[in-house]
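Undergrad: Pulled the feature table from TrEMBL, pasting it below:
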REGION    1-464  region 'Disordered'
COMPBIAS  15-30  compositional bias 'Basic and acidic residues'
COMPBIAS  36-50  compositional bias 'Basic and acidic residues'
COMPBIAS  51-64  compositional bias 'Basic residues'
COMPBIAS  65-88  compositional bias 'Basic and acidic residues'
COMPBIAS  105-219  compositional bias 'Basic residues'
COMPBIAS  284-303  compositional bias 'Gly residues'
COMPBIAS  305-464  compositional bias 'Basic and acidic residues'
Amino acid sequence: MQHIPDVHSPAPLRSTEKEEKEKEKKEKKEEKKKKEKEEKKKKEKKEEEKKKKKEEKKEEKKKKEKEEKKKKEKKEKEEEKKEKEEKKKTGKKKEKKEEKEKNKKEKKTGKKKEKKEKKKKKKTGKKEKKEKKEKKKKKKKTGKKKKKTGKKKKKKKTGKKKKKTGKKKKTGKKKKTGKKKKKKKTGKKKKKKKKKKKKTGKKKKKKTGKKKKKGKKTILLRYAGPGSSSPPEHFPPSLLAVRAQAPPPPLSTSLPRRSDGEEGGGGGGGGEEEEEERGEREGGGGGEGGGGGGGGGGGGGGGEGEEKKEKKVREEEKEKEKKEREEEKEKKEREEEKEKKEREEEKEKKEREEEKEKKEREEEKEKKEREEEKEKKEREEEKEKEKKNEVEEEKEKKEREEEKEKKEREEEKEKKEREEEKEKKEREEEKEKEEEKEKKEREEEKEEKEKEKEKKEREEEKEKKEIIVFIVSQIQ
């Protein structure tokens, strides 16, 4: 027997209701979830919009600030340029004025200095002329005194005179150098020579008496007559020749000549050397004659003619030697005076040249100092200009670098914003894709559930029909 279910049994109906209730609950939950998701999305969108608005506002503020800064910087640059141009104009004017003033001052000072120097040169030239004239006058007046001073110096130099007593060594030739000949160029010196000759004549008279005493230091010559016993070696050749030519004196004529010798010269003992020296010291030239006469008397009372000849020869030789000595002295004095004058003239020339050189050196130093000051000022001005230019260039470089950095920062910010926007878009697209997928899945689930419901309903209807048919069949 088949089991026949009860028609009034509520079991199948309860199952359907439960399922429907569960479905409704699920649907409600899903709707809530959807609503919540939608609300979240709306909130997120609002927040994003707010953020975007805030960022846009910030960016606008930044842009405005940048524009304001740029405007300020441009204004400042324009003002600086104007100030620089004004400074350049005013500076150039000031520099030109200062240069003009300096040039005027330098011209004035230079002209004044030149005038002063010319005046000084004129004054100095006049003074030099006056000094020369005064020196000439003093030389004319005090020439004798100066010559006497020269004598004193010569007396001190006795050693040289002893060496130069011979005629072979003429000191005048040694002192004549080539330089001294070159310096004798003016005609004034010739005139001075004539004046010197006049002065030398006076000197001769004064020098002769004093130097006779000194000349007696030489060896005295004894009588070299025919009756003398002295050897011929100590006598000059002139006397020896006279001695050779003279014949021996006769004995008869010796007595009266002896009396003549006594009258002329001072006694029979005059043949000795000591008495002759005394006679020469005390009586000068006259004593020499007396001594000679005495010598003749002592020699035997003869040969007075030969003695006179020999005396004359001696005197002539002595006079020649004196004249030569005096001439040499005069030459030396002339040369010394010439040398003194030349030395004085050289000293004066050297002093003048040194003064000129000193003045020129001082002028050159002043010029160099002026030029150095000008160069220093120009260098300082150039350095200041360069410093200003460097400061300006550094400022411009800093501004450029700041602008570059700002641009780079802005570009980086823009890049970041773009990347964030891209990421947001990608997230949103992914979310939408997921939502669509979820929707599709839900719809598919719904469709499957509905299909199952329809199947179940169909099957229930079939079962109900079968049950009804079965009941009906049984009833029948």
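Glycine residues also receive a Cβ, built from the backbone N, Cα and C atoms like all the rest.
Set these features in their place in the structure for me.
TA: For the compositional bias 'Basic and acidic residues' (15-30), the DSSP counts in helix, strand and coil order read 16 helix, 0 strand, 0 coil.
Counting residues per DSSP class in helix, strand and coil order gives 15 helix, 0 strand, 0 coil for the compositional bias 'Basic and acidic residues' (36-50).
Helix, strand and coil content of the compositional bias 'Basic residues' (51-64), in residues and according to DSSP, is 14 helix, 0 strand, 0 coil.
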Undergrad: May I ask for the residues of the chain that lie six or more residues beyond the compositional bias 'Basic and acidic residues' (65-88) and have a Cβ under 8 Å from a Cβ within it?
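TA: Cβ under 8 Å, 6 or more out: 392, 399, 406.
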Undergrad: Across the compositional bias 'Basic and acidic residues' (65-88), what are the DSSP residue counts per state (helix, strand, coil)?
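TA: Per DSSP, the residues of the compositional bias 'Basic and acidic residues' (65-88) fall into 24 helix, 0 strand, 0 coil.
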